[in-house]
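**Student:** Would you mind keeping the following structure in view while I ask a few things?
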2 protein chains.
Amino acid sequence: MKVISNQRMFGGEQLRIEHPSESLQCVMRFSVFMPHGLSSQNPVPVLYWLSGLTCSDENFSTKAGAQRVAAELGIALVIADTSPRGAAVPDDDSYDMGQGAGFYVNATQAPWKAHYRMYDYIAHELPQFVATHLPVNANKAISGHSMGGHGALTIAIKNPAQYTSVSAFAPIVNPMACLWGQKALARYLGDDRSEWAQYDSVELIKEHGLSLPLLVDQGTADEFLAEQLLTENLATVLSEKTDADIRFQSGYDHSYYFIATFIEEHIRFHAKYLLA
Amino acid sequence: MKVISNQRMFGGEQLRIEHPSESLQCVMRFSVFMPHGLSSQNPVPVLYWLSGLTCSDENFSTKAGAQRVAAELGIALVIADTSPRGAAVPDDDSYDMGQGAGFYVNATQAPWKAHYRMYDYIAHELPQFVATHLPVNANKAISGHSMGGHGALTIAIKNPAQYTSVSAFAPIVNPMACLWGQKALARYLGDDRSEWAQYDSVELIKEHGLSLPLLVDQGTADEFLAEQLLTENLATVLSEKTDADIRFQSGYDHSYYFIATFIEEHIRFHAKYLLA
């Protein structure tokens, strides 16, 4: 592993790390905030963050203001990139396919399938890498925004023993029913819609239920709410017995100003389980 | 005035506002956070923020995390641009002259003097505009980063009755003695160094003293400390009777991660005077 940058923040270290990825067959970067520093002997739990379309690992690091509370509580933040990267990795001219738009799936179709295995990378390879190289303990939670909220939800629903808790900001909850999801799933997975269902939170909860605590914040002024995010479809499939809180925040949009406003509540939500 | 964008944040409103500037002879934009909203009947004090080289009004708005504490305390944030802007405004190929690099002076030399009057804009025109159009009271403080820290210090030292308090992150305290300052002051003001002294914090304090409370944070790992910022020169000219606190923060660099770490302490410092 190669530390590209290391900057002090809130008494801890904000790092960018580069490593070759086996799942993605390319060199990847991720950002991490270590509240007690990289060389600490004090292992801490990790909150994984997955970003949205067009983002890299840097949007959340620079704009969300999450490190303050993570430092206070002693929680590491691992902030992933949103797709495989590099000149050898297939790309697309549109912002919602290819690099920056991996949708956290394992692609099965050409030309994507050689590199676009973001599900494996986030669910398996990255946590393994982090556990091997950074002073963390076994407790993990996961959160994300928009496409990254979709990634956090689907990965947590399918791997409930791996995470203490899951949360999301403005997630794409039902990609099979919106244009962003239909385009990406058709091109990464082919035309068989039964393949798509394994990456659709609403369909996964219908089939498997939800067995870990969930918090979702959705702004009512979000320009993507009605056509792409479909938050009501998630609320509909959650049973009353589920430990899930879906909150509509009046007047908030899809931006990092919305995330910055509520990130403290998300980190404190996860801390109840990560530090238990 | 034209509201370009308005986004909810921490229960308030984060706005970008466009207006024609008389001082600068161009259309300017600034950002503002109004803790109780634009149409509030509850006037609040204002903390002005001046940014560094290459920045616009958006860097601090998106990266510093200042709105949380401003919302809690009921303080507006007005975040200025760093120079006149537009195709008709003279520019320079280097990052440290021209657009993005106004240095908060009134230029006297061609081709700069028709537009580059950032001192007048920040010290007089912008506060007048804000007082006329936004629900603010008469209390004002000022802060900034790097070139903007230089701007905040010089403007406050020269107009102590106008501000309750001044603070800065990694300010250029003695521009006459560093390359950034020597280049900008020579080109904006000409070769007469006596003209430069009116925009040099160290020289101004030698001449006028310092008659308002001051807080400065400077990272010890800041790559510009030794050659451009010269913080020790400021500490040297401050008398023991002055209400000034110059803090060296171990291991912090010149970035917004440093600002984000200490902005809460700066806002609470100003709040003691703004809300008194």
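Don't overthink the numbers, they just go from 1 along the chain as shown.
A Cβ is built for glycine as well, from the same backbone N, Cα and C atoms used for every other residue.
Dumping what TrEMBL says about this protein:
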{"type": "ACT_SITE", "residues": "A:S146", "note": "active site, charge relay system"}
{"type": "ACT_SITE", "residues": "A:D222", "note": "active site, charge relay system"}
{"type": "ACT_SITE", "residues": "A:H254", "note": "active site, charge relay system"}
**Student:** When a 10 Å sphere is centred on the Cβ of A:H254 (active site, charge relay system), how many other Cβ atoms does it contain?
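**Tutor:** Taking all protein chains shown, A:H254 (active site, charge relay system) has 22 Cβ neighbours within 10 Å.
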**Student:** Looking at the active-site residues A:S146, A:D222, which one has the fewest other Cβ atoms within 10 Å of its own Cβ?
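**Tutor:** Counting other Cβ atoms within 10 Å of each of the active-site residues A:S146, A:D222, the minimum falls on A:D222.
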**Student:** At the level of the C-alpha atoms, what whole-angstrom distance separates A:H254 (active site, charge relay system) and A:S146 (active site, charge relay system)?
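**Tutor:** Just about 8 Å between their Cα atoms.
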